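These come from TrEMBL:
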TRANSMEM  A:38-56  transmembrane segment
TRANSMEM  A:110-133  transmembrane segment
TRANSMEM  A:140-161  transmembrane segment
TRANSMEM  A:181-203  transmembrane segment
TRANSMEM  A:215-238  transmembrane segment
TRANSMEM  A:267-290  transmembrane segment
TRANSMEM  A:302-320  transmembrane segment
TRANSMEM  A:332-352  transmembrane segment
Amino acid sequence: MNHSVTRPQLFFLIVKTQIGIGLLSLPSKIQSSAKGDAWISVLMAGAAIQLLLIVYSQLLRKFPNQTLSDITIRLFGVYIGKAVNFIYYVLFVLIAGYAITLYVRLVHIWMLPMTPGWVLLLLIIGTGIYLALENLRVIARFFVLTSVLFGLLILISTLNFTNELQVANILPVGESGFAHMVQGSEKTVFAMFGFEVILYFAAQVQNNGKSLIRVFSFANGFVTLFYAYFVFLCLIGFSPKVLERVNEPVLYMFKGLTYQLFDRLDLIFLAIWIIPMTATIVSYLCLAGKSLTANQSSYRKLIWFSGVLVYLLGLYLSSMESIDLFRKWVEYGYLAMIAALPFLLWLASFLLKNKKKVGSA
Amino acid sequence: MRKKMTFAICIGLLAAALTGCWDIHYLTKKKIINGISLDASEDGQVAAAVRTLILDSKGSGQFEVKDQLIQATGDSVLHIGSIMDSMLPGTIEATKTHVFIIGEELAKRGVMSTLEFFYRDPKGYLTSNILISKGLASEVLAIKSAENSPAAYSIKQMVEGAVAKTIIPEQTLFTLWSQMTAPGVDTVLPVIHKTKNKALVVDNIGLFDGSRYSGVTLSRDESMMLLLLMNKLNKRVLLDIPMNQSSNERDTDEAAAKMITFQVRKEKRTMDVSVDKNTQQIECAVKVDLYGDISSYPTDEGGKVDRGRLKKELAEALNIRASNTANKLLNANCDALGIGRKLRVSHPELWKSIDWKNEYKDVKLKTSVQVHIRSTGVIS
């Protein structure tokens, strides 16, 4: 059986994992620090991620056909490597649990206020597991298919240009200062999580020996521009004070539109947005599986197990009043594991090279 | 086999958890509100009146729509909502309210805190039109419409018509919030009032000073002029200009009755905000170029239209109108043109050092209107 994916499929795997629930509330989050320059923050975050992607591609070039879990074992040895992989596993489950909590909260507030949270969780996890159980090629195909919806989303979002827009809101450019913009881009990076799927999925790309940096860059460029576009639209569509107060400005923006045929475009947008949000969950479940095993049957068992874990975590987090503390720990812990550790691994790979030839697999 | 069984059970479980079971809402159990009026009452309370729809099924999918007026007083919109809910059969639903009418007194108190609920509620319908009424808003909403159609629909249609003719700005709850809170700009709202013979008219604009209604309204002509100054020409605008009679006719009674109607189809506007380096005087020059046709020019002479002369006369009359409108804006302390916003962008240092609300009154606001006649209709 050949489970390899093509380069375009990898592109969509990255993009679909990155774009998710984070975007909906992103504009107001960055705006609170970067003010009118929030859109610059997004571009800066994109640039920072691009640097990281270069590290990723260098690392992966040294270890073709190997996922991050193979690389850690190879560099750290079996015991430490497995321990590191376990940490990754835990983080993937935590991130999935966190994402699903936000997801359920959002649906609960905007669409289905009466439906109990456990039911929503069950529906999301159910569909998530169902797709994550398949091999990567099936997942990728689904992602590619549903990516058509991005076009639809962009199309719907252009309707906002009929609203009253004030470009003056973002002027004068650079007013908020560099430090605030950096703060804003930090928040953006958290909303852009998902690029790390590369470390696991790139191994399954045909001919991955050749540099994949172009695919990575395209994906990153697309996501950055997509985010910047929506942030920009929110910045000029709302007054700064309103943007600060609205929780999900990307959705709220659509409340100002009405047509003879369509009304409440925010709900239509959200209904479509559910697919990228679910795709994110699927990706993380899949990552969780791949981080501990390469064997398909144990992978399936692990997916079931992780799915249950994510469900329980989602239930627990949903019952909590505030998950801010949890969010902080997970976000920074995760950032360290996907940014600092791969970088260390890359450096370590140089040391290793002197001892024995790597990448000859 | 076992795999298929588990699969079937999963599907069954998921199907059982389908959301409709919890979040189902029957239209028949709802009382749909399509118009709300809010007035100030004693002790900071709010008096509200709503128009609720009654759908009478006439069988075979046909419905007869009637409406009913309900009034209640309470501390907040939601509070009033619960009181009304108890007064009516069915749960009230304000998720498709077409018009909001705010009484003059309440508007002077500030409206955002009253309307807050609609912004917070995820089901809130923010594209409803918002109006200010001269006098009590409930009296406006209580009007009996001539046709059998619900009063709120009639008002909505009046608003739509006036918006298309650039008499009033299109204001919804959604646009209002951003405008109210934006720095360096004040909002304007359409004003609805009752004439002596109990008809409703929507052709004035009410000026806001910050989040409060200033109490100043612009007349019909000034309203149109303001929208032109704001560069908000909709499809068209019909400007009525009293004709400047030749000197021998000026004394006759007929003179007053003559009006030229100039239909504007296109406008170009430039707005420059500058600060005098020495005196720190803020100046704003608004230049409007109007392109359009002569729609009506009732003369007895029956001669051809002298375009050159007419152009000049129209511009002269409109210039006076524009400067009157500008003065009213300054007096009401209403920065409807967004001079502050421009100033913030062009002179950020100055903007930070001044209190715009105090400074605005002293702005030198210069307006100039140019008229370009593109056609005179099918006769010359």
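Residue numbering: from 1, along the chain as shown.
Note: Cβ is positioned from N, Cα and C throughout, glycine not excepted.
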Stretch-level contact, the transmembrane segment (A:181-203) and the transmembrane segment (A:140-161), CB cutoff 8 A, at least 3 pairs: no
Stretch among A:38-56, A:110-133, A:215-238, A:302-320, A:332-352 sharing the most Cβ pairs under 8 Å with the transmembrane segment (A:267-290): A:110-133
Candidates A:38-56, A:215-238, A:302-320; stretch with most C-beta pairs under 8 Å toward the transmembrane segment (A:110-133): A:302-320
